[in-house]
Amino acid sequence: MWKVVGDRETGKLPPYSFINRVKSNRISSLELSNYKEIVSAHKGAVNSLQVDLIEGRYLLAGASDGSIAVYDVQSATKHEGNGMVAKHEHILVVDKRHEQGHKYAVSSATWYPVDTGLFISGSYDQSVNVWDTNTTRVVVDFKLPGKVYRTAMSSVAGSHMLIATGTEDVQVRLCDIASGAFTHTLSGHRDGVMAVEWSTSSEWVLVTGGCDGAIRFWDIRRAGCFQVLDQSRSQLGRRPPLLEHFPTKVSTPKSFSAGQSSTIKVRAPQKKTANGTGAKRVPSLYRVPSQTKGSTGKRLHPGLLSSHDRATAHYGAVTGLKVTENGMYLLSAGSDSRLRLWDIESGCNTLVNYEVKRIEPRKALQLATTQDSSLVFVPCMATIKAFDVWSGRTSETFRGHYENVNCCWFNSQDQVAMIDKFLCGLHAKYDLMKWMKEEIMSKIRTAGVTD
């Protein structure tokens, strides 16, 4: 570590490389803390966890006893053990005794992405509630046709306030906080939907995983899903560089005369519309295949036109989804105890073999990734395993729970805050190595005098 600090001081190591080195060192040294304890306010299994995306300070938890609690993970409520152990008790709790509390298990609890003044809860009592954090009152509520397994809001949305809900019903519904009504009903799954996840690169793209084993991609501006993942369609490893997809030159046929240019422009034929203008081309990722000309088959729903509509991503229910920070890859967990990495652009299974032995098959799971998407944290029965995303090897195994783990969350903002403070120290003390050596030598001299 001192060599890395020295390289950064002399300018051999760029700032971002230094940050990544410090982050990786911190992540590799993760272990169960003996100095920090969250005093649980729940009497049942915790089903959902999320730290707010604004300050990285407030932890929101939902449990199977119908309770929801908020904890301040930065400021301790009290200290024990001569001030060595920090106790963090709840600063807000809503349970069944609350007038507007959930009557059954809370399956999902999420913060409003841009403000800690609101949070959303989904429950097995077939309701989704939007809560005011300050007054602990429900400001908007939605009644669903079945148990709510998962709720999600887009962290990059700037044009909508939609909550995606996955329930035991086959349809995915989008709830609008602004109007208090359902705006979309997405049909295509043949069984309940246990996982919903918004894209991290587009506010319009939603990913859903069902008990039918299917993972579907939806563009909420269009009718039907535009992609269904198929586990038999695969590619080995990451996608090739972008330039290999788009060749800039096309070879000229031999019949061309020598005087003609060796490169030609390839222009796609445009279909004329009623007003005579050319129709705008749709990117391949969002293109919906149409029926062939002269087809006598029955006209299908736009979301069921794909020839791979009955394709499955897992042998069994899809229990967890996580999109990487750059929006290029998708991680999925299933009741078949498989973890898969998908290339979103091509829709291919990358064939990464994760060292997963067993995953809870009956409940929706919450996966987590590091900020650079190098590691994925997966609840594996009573442990949490950290896998290298690209190789599938087990990086760490965290033990400490006595029962099955349902959810996990990686708070990247704490890592960044610590690094930022350290970098400020670098700027304030230009000769950091000299200062550290003086501090060490003074302590050695002091120890020698004391002895």
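The backbone N, Cα and C atoms fix where each Cβ goes, and this holds for glycine too.
Per TrEMBL, the features are:
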REPEAT    39-75  repeat 'WD'
REPEAT    99-141  repeat 'WD'
REPEAT    186-228  repeat 'WD'
COMPBIAS  250-264  compositional bias 'Polar residues'
REGION    250-304  region 'Disordered'
REPEAT    311-352  repeat 'WD'
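Across the repeat 'WD' (99-141), the prediction's mean pLDDT works out to 95. If you look at the repeat 'WD' (39-75), the same-chain residues 6 or more away from its ends with a CB under 8 A from one of its CBs are 87-96, 101-111, 113-116, 119, 121, 123, 131, 133, 155, 363-364, 366, 403-404, 406-409, 411-414, 417.
Across the repeat 'WD' (99-141), DSSP classifies residues as 0 helix, 23 strand, 20 coil.
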